[in-house]
Each structure stands twice: as C-alpha cells, then as structure tokens.
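Per Swiss-Prot, the features are as follows:
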BINDING   Leu126, Gly130, His131, Leu132, Ser359, Pro360, Phe361  (6S)-5,6,7,8-tetrahydrofolate binding site
MOD_RES   Lys235  N6-(pyridoxal phosphate)lysine
SITE      His234  site 'Plays an important role in substrate specificity'
Amino acid sequence: MTDRFLASINAALTDSDPAIAGLIDQERQRQETHLELIASENFTSQAVMQAQGSVLTNKYAEGLPHKRYYGGCEHVDAIEELAIERAQRLFGAAWANVQPHSGAQANFAVFLALLQPGDTIMGMDLSHGGHLTHGSPVNVSGKWFKVVHYGVERDSQQLDMEAVRQLALKERPQLIICGYSAYPRTIDFAAFRSIADEVGAYLLADMAHIAGLVAAGVHPSPIAHCDVVTTTTHKTLRGPRGGLILCRDADFGRKFDKAVFPGSQGGPLEHVIAAKAVALGEALQPEFQVYSCQVVANAQVLAGRIQERGIAVVSGGTDNHLVLLDLRSIGMTGKVADLLVSEVNITANKNTVPFDPESPFVTSGLRLGTAALTTRGFDDEAFREVADVIADRLLKPQDESIKAQCLERVRQLCGRFPLYRDVLQPALA
C-alpha cells in the first residue's frame, strides 16, 4: 500500500496525466511561436518557475513569519522574510506584505483597512485606462463604495491634473487611486499627493503595470508620495502571478497585515512567495535596469512606426511599456483588429479608448505591450518590423498574400529570438 502511494506521487506528469501534460506542451509551443504583445503578460525565468513548482506547494503557513498558526514553518519563514526584504530594498519601502494572491486582492486589502462601506473613492474611468478594482460597478469596489471617476482630456488624451483637483474638491473622497491599466503616459504622483492632502484623502498608487519600470528607475516611484502602493508581481516586474503591498511608513503599513490575513485571505501561497522572492532578486540586478530601459525604448519605436503607417496612437505616443492604438483612424474596431492579428500569430487585446463610442465588448482600440518580447531579446529594429507586420495586417485585412507574408515574418522573428532554450519541465521528460 505504502509503495503504491509513493509511486503515484513520484510519477512524471506525462504518466500520471498525459492530457494535462500534452496541453502544457501545446501552450509552451504557442508561447514560442507567437508574438506576445498583451501588455499585462511577460515571460518569467526558469528559476522563478522552479521555485513556484517546488515542495513549498505542500506547506500551509497562516499568519506572518514567526507568528504562524502551524508548525514546521521555519524554512518558509526564512523565504518570506527574504521576499519582504527584497521588496523593501527594490522599491525603497519601509514595509511590505508579499502575501496577496493577486493585485486585485492587494487592492481589496487596502479598501478593507482604510474604508467603510459607503465611503467615496476616486479613480480613473475604466474606459479611459483605469482598472476594474478602481470602482467599476461590476467589481466589489463599485458595489461597496460611492465612486467618482476622473478621465483624460479629450484633445491631448492625457490627464489634466487641475481637472482631477477640481473633481476631488467637489467630491471630497476618502481615497484617491492613481495607477492604471491602459494609460501610456508618466504619472505625476507628487501632483496626486498635493490633491490628496488638500482634500484629506488617502492616496493609493496601483502600479501593477509599471512596477518593473519603477524598480529600474525608468518611471518615477510612487513610494515617497503615496500612503500605500499595490502592485502585481508579473507584468513588467517579470515574476509569478501574484500581488504585493508596500508602504513608506512601517507603522501605517502594519494595518494592512491584518487586512490581508485574516481579513481577506487564509493561508498564503508560499511556493508563489518563493517565486516572488526570486523575481525580486532578479530585479535587483543591474541587467534588469538595462532590460527596463529597452522595454520603454521598444514601446516608443512601436508607437512611432505605427503612427508613421497611418494608425493613430492614444495620446500620440508612450512613456512606458504600453501602446494603445486608436483604430477609429482606420475605420476598424478593436474586436476585428484583435482577430486579424491573432490570425498571424500575434496576441494582443481589444481595449477601449478614451471617449470610445463602442461597447467594451467591441471597443475602438488595440492594446499592445513590449515587456514580453523585450524579455525574448527584441530590440528597436525587431520592434520596427513588428509594427510593420501589425500595420500590414490591419491596413489590408482582405489581402490573403499579405496575411501569408505576415505569418512568415512572425515565424522568422520567433526563430530569431527563441524563448526557453532549455525547456524547464522535468516532470514532462
């Protein structure tokens, strides 16, 4: 009996579940053979995947390091402490909680710690580049709180901080949120701090999309200006899928510990926390700063070339990893554009643009991001070609010869920049 159980837990995935093993391999092949331009995605290191796929998966560890409700936590305590220390060092924070399962969970913990149901929160309108957790009516943030939204200025498609200030003075929110999912310009955290102080509001920065750029110093940091900062650990930070909360004030930060556990989560995912620690360690290396600079340079090349080809870009360019195409300029919807590029092995996503006449299910925009392909080694020249492939496909959607050429160019680009040279999946071997 004992031998039988040991045999089952030591079996390779290909033997124990060939269906799942096969699907994982198909997904690996898809990632290798497609151009990944979804702005919220990236390719994490094999070291991160090894940590996440380790025996730490087996360990329950409710509570904080050295304050657990379970025994046998001495090693996960050390791992979590490393993750906390690295997060603090990377972002210049006095306090960090590495337990949130996602960015949404991190935001919810902040709401739980700082607000009461019925309080007023102020964040960017989702259709202008905000996020579901910043007060969308379909999210708990939009159900529990009174929500007021600010947006970009119609002509520049950028934030007008005086308009944000006037709205805050009128509505007097308890919490102001800055940080977005589809805003390609630099965020003026100091200006938001001034507005929050003027109306007596807490200031939350959700830097999920730009955390890697902040860590590398290529985007201003919110830490010194905001009461609390949340982020995901993937996207531009290039770690596992998860969340993180940071504070400049350790005493203030500790109130979020209880909001995470037991307020909104049970046991932390220590295998994911280990992977976060690995990714944070990677981001502390000089190479990561070089990578992040290239992410922004590539986005600017992509935006510039797309515009040269006659397709409008929201706000006229980008300061970060995001490029948002305004397809009204060529009489196309985001839904159609998403399908067209997917047919030539480019993954992106349809997205609303400011003052979009289309529904969120159709949209007038296509959101692109450069973080993942930069990880593969794509440089300025390669991204110029990526821009041309996208433009060729969108500008001549009915031309089958152009479609075939685009497919071949994508195949060649993927071949020039292989992803995982030594495939990490020992269980699949």
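Start at 1 and count along the chain as shown; that gives each residue its number.
Cβ coordinates are placed from backbone N, Cα and C, and glycine is handled just like the others.
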Rank the recorded positions His131, Lys235 by the number of other Cβ atoms within 10 Å of each Cβ, and give the residue at the low end.
His131
Site extent for (6S)-5,6,7,8-tetrahydrofolate, whole Å (max Cα pair distance, Leu126, Gly130, His131, Leu132, Ser359, Pro360, Phe361):
16
Considering the binding-site residues Gly130, Phe361, which residue's Cβ sits among the greatest number of other Cβ atoms within 10 Å?
Gly130
Looking at the binding-site residues Leu126, Leu132, which one has the fewest other Cβ atoms within 10 Å of its own Cβ?
Leu132
For Phe361 ((6S)-5,6,7,8-tetrahydrofolate binding site) and Lys235 (N6-(pyridoxal phosphate)lysine), determine the Cα separation and express it in whole Å.
23
Please report the Cα separation of the residue listed as 'N6-(pyridoxal phosphate)lysine' and Gly130 ((6S)-5,6,7,8-tetrahydrofolate binding site) in Å, rounded to an integer.
16
Cα-Cα, whole number of Å: Pro360 ((6S)-5,6,7,8-tetrahydrofolate binding site) versus His234 (site 'Plays an important role in substrate specificity')?
25
Using the alpha carbons only, what distance in Å do you get between Leu132 ((6S)-5,6,7,8-tetrahydrofolate binding site) and His234 (site 'Plays an important role in substrate specificity') once rounded?
18
Neighbour tally for Ser359 ((6S)-5,6,7,8-tetrahydrofolate binding site), based on other Cβ positions within 10 Å of its Cβ:
10
Do any residues at least six apart in sequence from His234 (site 'Plays an important role in substrate specificity'), in the same chain, have a Cβ closer than 8 Å to its Cβ, and if so which, in order?
Ser40, Glu41, Asn42, Thr44, Pro240, Arg241, Gly242
